[in-house]
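Remarks on the structure that follows.
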Amino acid sequence: MATCGRGCIPALRICHQLNRLKTLDDDLMVTSMKRCLSMVDLALLGVGGMVGSGLYVLTGTVAKDTAGPAVVLSFLIAGIASLMAALCYAEFGARVPRTGSAYMFTYVSCGEIWAFLIGWNVVLEYMIGGAAVARAWSGYLDSMFNHTIQNYTQTHIMNWNVPYIAHYPDMLAAGILVVATFFITFGVRVSSWLNHIFSAVSLAVILFILVFGFILADPVNWSQKEGGFAPFGVSGVMAGTATCFYAFVGFDVIAASSEEAKNPQRAIPMATAISLALAATAYILVSTVLTLMVPWHTLDPNSALSDAFFRRGYSWAGYIVAVGSICAMNTVLLSNLFSLPRIVYAMAEDGLFFSFFAKVNPITKVPVNAILVFGLLMAVMALVFDLEALVQFLSIGTLLAYTFVAASVIVLRFQPEKEKTSSKAVSTTSPISNREMSPEASESRIISQDSGELKEYESFSDKLQLVEMQKTRERSAPGVLKARWEPYLGRVFGDFEPGKVVAFSVLGIMVSSVSLCAVFVFGSKPLHLPMWSFALLIVVFGSTLLLCLVIIYAHEPHVNTKTFQVPLVPFIPAASILMNVFLMLKLSPMTWVRFTVWLAAGLLVYFGYGIWHSKERLRELQPKDMAARYVVLPSGSLVETVQSVQPNGQGDTSILHNAHCPAPPAEEQQAQR
């Protein structure tokens, strides 16, 4: 701050406020909610969130229009891509068992404003997703009765002719959302049992489809006579993968429920893996059966499974499929209504959203206010908006959340543990803010060892001995260069604070991923780049991405054997980031325009309310004592830091001064003090 003029101070203060991290409690298992969900409950929640109308509609659509019978490969690749994102959610859910999902994970690793924007967009995604599923549910049920409800509504109630508004108010869709909201308010056990019932019926119908479908299967439908297994080639398979990826959106409900899980450290990773495996198996096998029962080019995209059984002479099976479809859509509705209020509650609990939504019912142990308000808002959206208009809003917020969660996994994996100062340290260290230390007192500083013991050093020579004793230990700390990489990268990165190089490298991964995907998506057709420039840009951005990965890999990771950790970090999260960015750039321009408008509305809410009521801001405004300590960098240089210490001994909250000193004499060190 000394090298920066007075004009920089307000900008630095604002930057600090926007990027402050959430302070987690010492005991993350303590909660105002009820921890009652088992691994089976969480797994069925995940299955219910993923296996919905997509199983009955998406399989036929992708098979006929995009990939043919190779839709099987599209679902397989999409499942693997979803697994990379799911592993990141599983690690966070086990490590930070708090409700809020992507919002909470971003808050503890990237910063406040990024967390708010992620939460703000996920809220919109859940609202639109629930309204769209309710619309699909209504349309599917109405079609079984020859659209009697639609015809009656348009004739006797109301008929609109407004762009982006439905042609008629869908009373049935709004009604099912109101009823579901009512049941969700009764508590997590009621929600879980309802999900169990609908999931059991849905899985039973899927089993019926598989058994009966394989009996009716005809391998000729995959032969060259009908166009072959992959009539659209590799490009068709990959285009189908991009569409099938959205079928697996919904596993984040497991992480959102971590604050209500009995044993989140074990249950969250296991439930995530089991639910994703069940969903992928169901999608792959059902698409196999469907394309073997009838030729892929004759499928009806709107009701592929029912139509397939009808054409094989078993029209009664179509009613069973319809029951399974209704139950599957019910589980998706419950998943959205279950997750949405908990994210709103987490944001309100942190002070970033209106405190009205942070109230938890003392009997049911659920955020009733958030459930009722946003459940009714979802019902209004389903009543007014058309299904197509709703679907156009989907996906971008979810993909953005996946991207930030993957980046957060890398940042936290290489971030050093925050040191905590005990009450003994506070009592023995003289508060700099209250009085000036005497020369005798200034010669004595408290140094916290890794073992938790406190040791007092009387002179600077003793402190230099500490440098030698801790040098080996500091080299293996998270976020510092590995010993074998120091001869090559030590001069460049050796003097950075632990974790800083990794954080900048993650930013480099994000930028290079966006640039690389932009070249792939827009380089050939919209921009018409020459082949040499296209190849050059691919090489440049691809090399930058690989360089950032190598730099991150050269640092020591944080090893935690108590909770689940994503394997092959940073490579799996980086692959997830690349996939998510690619899919986001494939979305339509109007989706980005709507996303920008919603983002602007979120910024108004944040700067108008959230930034002023943030609990992290209130914590920073509390009076603090000051304590000085010495930190040894991997390069061997000594850093004197002055840190604020909370009076109750909770731990260090901010670093106010940082002076690097390679090893000054004792007289100069005394003068610096």
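From the backbone N, Cα and C atoms, a Cβ is placed for every residue, glycine too.
Positions annotated as domain 'Cationic amino acid transporter C-terminal' by TrEMBL: 564-614. The annotation region 'Disordered' is assigned in TrEMBL to 653-673. As annotated by TrEMBL, transmembrane segment applies to 39-58, 171-190, 197-217, 229-255, 267-296, 316-338, 366-385, 391-414, 501-522, 534-554, 566-585, 591-612 (among others).
Sequence-distant contacts of the transmembrane segment (197-217), counting only residues of its own chain at least 6 positions beyond either end whose CB sits under 8 Å from a CB of the stretch, comprise 44, 47-48, 51, 55, 282, 285-286, 289-290, 292-293, 305, 308-309, 312, 314, 317, 320-321, 323-324, 327-328, 330-331, 334.
Where the transmembrane segment (39-58) meets the stretches 171-190, 267-296, 534-554, the count of C-beta pairs under 8 angstroms peaks at 267-296. Between the transmembrane segment (171-190) and the transmembrane segment (501-522), the number of CB pairs under 8 angstroms, six or more residues apart, is fewer than three, so the stretches are not in contact. Residue counts for the domain 'Cationic amino acid transporter C-terminal' (564-614) under DSSP, helix first, then strand, then coil, are 40 helix, 0 strand, 11 coil. Only residues 6 or more beyond the boundaries of the transmembrane segment (391-414), in the same chain, are considered here, and those with a CB under 8 A from a CB of the stretch are 84-85, 88-89, 91-92, 95, 101-102, 105-106, 108-110, 114, 118, 121-122, 124-125, 128-129, 132, 246, 249, 252, 478-479, 498-499, 502-503, 506, 509-510, 552, 555-558, 565-566, 569-570, 573-574, 576-577, 580-581, 583-584, 587-588, 590-592, 594-595. Across the domain 'Cationic amino acid transporter C-terminal' (564-614), mean pLDDT in this model comes to 92.
Between the transmembrane segment (566-585) and the transmembrane segment (501-522) there are 3 or more Cβ pairs closer than 8 Å, counting only residues 6 or more apart in sequence, so the two stretches are in contact. Residues 45, 47-49, 51-53, 55-56, 126-127, 129-130, 133-134, 136-137, 140-141, 144, 176-177, 180-181, 184, 191, 194-195, 198-199, 201-202, 204-206, 208-209, 212, 250, 253, 256-257, 303, 305-307, 309-310, 371, 375, 378 of the same chain sit 6 or more residues outside the transmembrane segment (316-338) yet have a Cβ under 8 Å from a Cβ within it. Under 8 Å from some Cβ of the transmembrane segment (501-522) lie the Cβ atoms of residues 403, 407, 410-411, 414-415, 479, 493, 529, 534, 537-538, 541-542, 544-545, 547-549, 551-552, 555, 570, 574, 577-578, 581-582, 585-586, all in the same chain and six or more residues away from its ends. Long-range contacts of the transmembrane segment (591-612) within the same chain: residues 17-18, 112-113, 116-117, 120-121, 124, 347, 351-354, 392-393, 395-397, each at least 6 residues beyond the stretch ends and with a Cβ under 8 Å from a Cβ of the stretch.
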